[in-house]
Amino acid sequence: MIRAGLTALLSHWIRRPFQLVTLMLGLATATALWSGVQAINAEARASYDRAARALAGPDRDTLVARDGGAIDQAVFVTLRRAGWQVSPLIEGRVPSPSGPLRVIGIDGFTLPSGDLPVTDTSEPGDVNMAFLTPPGLLLVAPGTQERLSNADDLPPRQTAEGIPPGVAYADIGIAQTLLGREGQIDRLVVTGPPSLTAPPLDEVAPALARRSAGGGNDIARLTDSFHLNLTAFGLLSFAVGLFIVRGAIGLAFEQRRGVFRTLRALGMPARTLLALLTAELLVLALVAGLIGVALGYLVASLLLPDVAATLRGLYGASVDGTLSLRPAWWLSGLAIATLGTAAAAAGSLWKVAHLPLLAPAQPRAWARASDRAMRLQAVAAVALLILALVLGVTGGGLVVGFTLLGALLVGAALALPIVLHSVLGLFGRGATGPLSEWFWADTRQQLPGLSLALMALLLALAANIGVGTMVSSFRTTFTGWLDQRLASELYLTAESEAQAEDLRAWLATRADAVLPIRSSEAQLAGAPAEVFGVADHATYRDNWPLIEADAAVWDRVAAGEAVLVNEQLARREGLWPGATLDVPGWADAPVAGVYSDYGNPLGQAMVGLDRFDALFPEAPRLRFGLRTDRPEALRTALIDEFGLSGANVTDQASIKQFSLDVFERTFTVTAALNVLTLSVAALAILTSLLTLATMRQPQLAPVWALGLTRRRLARLELLRALLLAALTFVVAVPVGLVLAWVLLSVINVEAFGWRLPMELFPRDWVWLGVLSLLAAGLASLLPAIKLARTPPNELLKVFAHER
Amino acid sequence: MLIVKDLHKSFDGADGPVAVLRGVDLRLEAGQTMALTGDSGSGKSTLLHLIGGLDHADSGTITLDGTDITALDDAGRAALRRDRIGVVFQQFNLIPSLDVAANIAFQARLAGKHDRDWADRLATRLGLTDHLKKYPEQLSGGQQQRVAIGRTLAAKPSLVLADEPTGNLDEDSGARVLELMLALVEETGASLLTVTHSQSLAGHMQRQLHLRHGRIDG
Ligand SMILES: Nc1ncnc2c1ncn2[C@@H]1O[C@H](COP(=O)(O)OP(=O)(O)OP(=O)(O)O)[C@@H](O)[C@H]1O
Ligand SMILES: [Mg+2]
C-alpha cells in the first residue's frame with residue numbers, strides 16, 4: 001500500500017519535471033541567500049576578532065601603574081597567584097641600522113593563543129622553541145624583515161601576519177634583555193575575568209589602575225549594525241524565495257488532489273498519506289537545502305573578498321578572504337531549508353488532512369480566490385498593518401521591533417493583491433476602447449494566479465529600498481559625523497606622561513593647536529560610562545555633532561557649569577537639555593546638550609577641562625588632538641622624532657578613508673544581494689506565468705478568434721507583466737521606506753542606542769524601478785514568445801467538444 | 001459570396017501526414033444558409049477553421065467577396081476575422097473577464113461597427129436583457145451560446161460560421177436557439193454555414209452538404 005501510494009505520489013514529479021525544478025530552485029536560492037549572508041557575517045566577525053587581537057589587545061582592558069611608571073614583575077606573579085588572568089607586556093625601542101625598532105615583549109604562556117601573531121611557517125613547534133630560548137626570535141612584518149636584513153646585533157627574525165610595520169614581537173624575557181629592563185613590565189593585559197575567589201585589584205595590587213579597552217575597536221562595533229541589517233536582509237531574501245516554494249507546493253498538491261482522493265478511497269489512512277507527503281517534502285527540502293548551502297557558499301566566497309579587503313585595510317592585519325566551512329553552517333542551512341519548506345507547505349498539508357473524501361475535484365480552484373477568501377485576506381492585512389502601526393507608535397524592545405517588521409511586511413504583502421485589484425478596477429473604468437477594457441478586466445482576473453509572485457516581488461523591492469536607504473543614510477550621516485567628530489587633523493597618544501610633556505613642548509611651535517583629551521571611567525546613572533574632559537576651543541564649538549543643545553552651551557561647558565551627554569545615555573535615561581546628571585563628585589550637573597556618538601555602546605559625558613581636572617585628577621594626560629595644516633609631515637616628524645608607533649599617531653584622513661572603504665564594500669555586498677533577491681522574484685514571476693500559460697488559453701483563444709493576432713496578444717501579455725511590476729513597485733516604495741524607518745529608528749535604537757537620521761535617495765529608486773521592470777520583462781519574455789508561437793489549432797482546441 | 005476551390009489540408013499524424021481535406025469545392029451565395037454534415041472526424045471543423053481564417057490551408061483557394069483568404073498573412077487573417085466573419089463554436093466562445101453586455105459588443109467595437117440600438121435589440125430578441133451584467137461563468141450553456149450568437153451578429157459580418165453551436169444543448173433548447181439564429185441571420189442578410197450532426201436541424205437550412213473522405217459528397 002505504502003509503496004504503491006509512494007509511486008503514485010512521486011510519479012507526479014516525473015510527469016512535471018518543470019514543477020520539480022521550480023520548487024528546488026526556489027528553495028535552493030532562498031537557502032543560498034540566507035546561508036550566504038550568514039557565512040559573510042560569521043566570517044567577518046571572526047575576522048574582526050582575529051584582527052583586533054593580533055595587535056595584542058586594543059579590545060582588552062589593561063592594568064597600568066597609577067604613577068605611569070613600570071610595574072615590577074613580582075606584581076604580575078602575585079596577581080596570577082591571586083586568580084587574576086593577566087598577561088605581561090613590555091614595550092620599548094631598540095636601535096637598529098635602519099632607525100629605531102619598536103619591540104613588544106609578550107608572554108606566550110599567559111596570552112590567549114588567538115592574541116598571538118601567526119607565523120607563516122609549517123613548523124610552529126620549532127618557532128616556539130626559538131621564540132622562547134636565547135637569543136630569541138623577533139616576529140616582524142615582511143617589510144620590516146627586509147629593513148632589518150643587516151641588523152646583526154638583533155636576534156634572528158621571522159615574518160608573521162598582522163604585525164604593524166616597524167614593530168617586532170618578542171618573548172617578554174628576550175625583550176626585557178634587549179631593552180635593558182630586566183624584571184620590569186609596562187602593562188598587564190587582562191585576558192579574562194578573575195576567578196571567583198580573586199580579591200579585588202585594590203587589595204592585591206593597590207599601585208595598579210585598570211584602564212578599559214581603548215576606542216580602537218569602534219569600527220568593529222559600528223559594523224555590528226551592518227551585520228544585524230545584513231541578517232535582516234538575508235531573512236527577507238529567504239522570505240522572497242519561500243513565496244516560490246509555496247506556489248510550487250500549492251500547485252503540486254492541487255494537481256494531485258485526484259491521486260490523494262483515490263488513495264484515501266482505496267483505504268489509505270489520512271495519517272499515512274500525510275506522513276508520505278511529509279517525507280516527500282523532507283527529502284526535497286534536504287536535497288534543495290544541500291544545493292542551497294553550496295550555492296550560498298559560492299555567493300559568500302564571491303562577496304567575501306570585498307569584506308576581507310576592507311578589514312585588511314582597516315586593521316593593517318592580513319585577514320583571509322577565504323571561507324572556512326563550518327559544520328554548524330551546513331546544519332543551519334539545512335535546518336532553515338526544512339523550516340522554510342514546512343512553513344510554505346503547512347497550508348497545503350492542512351488542506352490534505354481535511355480533504356473531503358467525496359467532494360468533486362475542483363481543477364484550477366486554487367487560482368481563483370473566492371470573494372470570501374479575498375475579504376479574509378483584506379481583514380488580515382489591515383489587522384497586521386494596524387498592529388505594525390501600534391507597535392511603531394508605542395515601541396519598546398528589539399523583539400517588538402522585529403515583530404513590527406514582520407507585521408509590516410506580511411501585512412503589506414497580503415494587502416498587495418487587494419490594492420492592485422482596486423487600482424486595476426479604477427483603470428478599467430477609465431478605459432474607452434474594447435481592447436483596453438478587456439486588458440484591464442483580464443489583468444484583474446490574472447491577479448489571484450500571480451499574487452504570490454507579485455508579493456515576492458514586493459518583498460524583494462521593499463527590502464531593496466529599505467536596506468538601500470539604511471546603508472546610504474548610514475554612509476551620509478556617518479561620514480558627516482566623522483567630519484564633525486574628528487575635527488582635529490591628528491590624534492596623538494603618548495606612551496607616558498613624561499613623554500606627553502615632551503610632546504607638548506615640542507608641538508607648541510609646530511602645531512596650530514594642541515587639544516588635550518582626557519577621559520576617565522565613571523558610573524553615570526548607575527551604569528559604567530566614560531567622562532571626557534575637553535578644552536575650550538573653536539574646534540569643538542564649530543564641529544561637535546550636537547543633536548540638541550541649550551543656548552551658550554559651549555560657554556557653560558567651558559566654565560564648568562554644565563555637561564554634554566551622548567545620545568545613548570540621553571535616550572536611555574531621558575537626559576535632554578534641562579535635565580541633570582550625577583557625575584562622581586558633582587551632583588546634579590545640568591545637561592546642556594546631547595551629541596551623537598555612533599557605534600559606542602557606553603554612556604558618555606563631556607565636561608570642561610578644568611572641571612575634569614578637579615573631578616578626576618588621576619586621569620592620565622596622554623591623548624591630544626592636533627590642529628595643523630600639514631598633518632602628513634607632522635605625523636612623520638612625530639614618529640621619527642619620538643619613535644612612536646603609527647598606531648599612536650592616527651590621522652583623521654585615513655580613518656575617514658577606512659570608513660568610506662567599509663561603506664564601499666558594504667555597498668558592493670548589498671548591491672549584489674539586491675540583484676540576487678530581484679532575480680529570485682523574477683524567477684517567481686516566470687514560474688507563475690508558465691504555470692498560468694496553459695490555463696490562459698480559454699481566456700485568450702476567444703479574443704484571438706475575434707480578430708487579434710497572436711503577436712499582439714503576446715505583446716499585451718508582456719505589457720501586463722510590466723504594468724503589474726510597475727504597480728507593485730509603486731506600492732513597494734512606501735513599504736520600503738517604512739521598512740527603512742523601522743530599521744533606522746526602531747531596530748537600530750533598540751540594538752545600539754542611537755538613531756540614524758533617515759535620508760531619501762530617489763535616484764536609487766528610479767534605478768530600482770528600471771531593474772524591476774527589467775526583471776518582469778525578462779520573466780514574461782519566454783511565456784510571451786511561447787504564446788506568439790502557439791499553433792492555431794492549439795488555440796482552436798479550446799472551442800472543440802471533448803472527443 | 002464564398003467560393004472554395006480544391007482545398008487541401010493535412011495534419012501530422014504518428015506515421016507521417018494525414019490528409020483531412022482532399023480537394024473541397026464549395027460555393028455559398030450571399031444571404032444563403034447551408035448545413036454541413038458528416039461523420040465525426042470527417043473534417044467539418046477543419047474546413048470551417050480554414051474558411052474562418054483561423055488556420056491556413058496547404059493548397060487551394062478560399063475567396064470571400066473577392067478576397068483570397070489563403071493569400072493573407074497572420075495580421076490580414078486577424079483583420080478578416082474581426083471585420084467580416086462571425087464564428088460561433090460549440091463552447092468557450094466568450095471572454096471570461098467581460099460581462100455579457102461587453103461580450104456582445106466586443107467584436108463590433110473592435111471592428112468599429114458598434115451600433116448600440118442593434119446590440120440592444122439583439123439582446124432583447126435573445127432574451128438576455130436580465131443577464132447583461134452577469135459574467136459568462138454565471139450563465140447556463142444555452143444562455144452562453146445565445147450571447148455568442150448576439151456577439152457574432154452585433155458585428156454584422158457578411159459570413160457567419162457555426163460549429164455545432166447547439167451541440168452541448170438538449171434537443172429542444174437547441175432547436176430554439178438555432179431558429180433564433182436563423183431568423184436573425186436572415187435579418188442581417190449574412191450568409192450562414194453551420195456544422196451540425198442533427199439531420200432535423202440541417203433541414204432548416206436552404207442547402208445541405210455532406211463531407212466524406214475529405215471531399216464534398218454529391
Ligand atoms: N491539430 C490536429 N492535429 C492532428 N490531427 C488533427 C488536428 N485537428 C484535427 N485533426 C484530425 O483531423 C480529422 C478531422 O478533424 P475535425 O475536427 O475537422 O473533424 P470533425 O468533422 O469536426 O469531427 P467532429 O464531428 O467529431 O467534430 C480528425 O481525424 C482529427 O483527428
Ligand atoms: Mg468538429
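Backbone N, Cα and C define each Cβ position, glycine as well.
Copied over from TrEMBL:
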- A:230-253: transmembrane segment (TRANSMEM)
- A:232-355: domain 'ABC3 transporter permease C-terminal' (DOMAIN)
- A:273-300: transmembrane segment (TRANSMEM)
- A:328-352: transmembrane segment (TRANSMEM)
- A:373-393: transmembrane segment (TRANSMEM)
- A:399-427: transmembrane segment (TRANSMEM)
- A:447-467: transmembrane segment (TRANSMEM)
- A:671-692: transmembrane segment (TRANSMEM)
- A:673-792: domain 'ABC3 transporter permease C-terminal' (DOMAIN)
- A:721-745: transmembrane segment (TRANSMEM)
- A:765-785: transmembrane segment (TRANSMEM)
Taking the transmembrane segment (A:447-467) as the reference, which of A:671-692, A:721-745, A:765-785 gives the largest number of Cβ pairs under 8 angstroms?
A:721-745
What are the DSSP helix, strand and coil residue counts for the domain 'ABC3 transporter permease C-terminal' (A:673-792)?
104 helix, 0 strand, 16 coil
State the residues, same chain only, that lie 6 or more residues beyond the ends of the transmembrane segment (A:721-745) and have a CB under 8 A from a CB inside it; answer 'none' if no residue qualifies.
229, 232, 392, 401, 404-405, 408-409, 412, 416, 419-420, 423-424, 443, 446, 450, 454, 457-458, 461-470, 473, 685, 689, 755-758, 760, 765, 768-769, 772-773, 775-777, 779-780
In the predicted model, what is the mean pLDDT computed over the domain 'ABC3 transporter permease C-terminal' (A:673-792)?
87
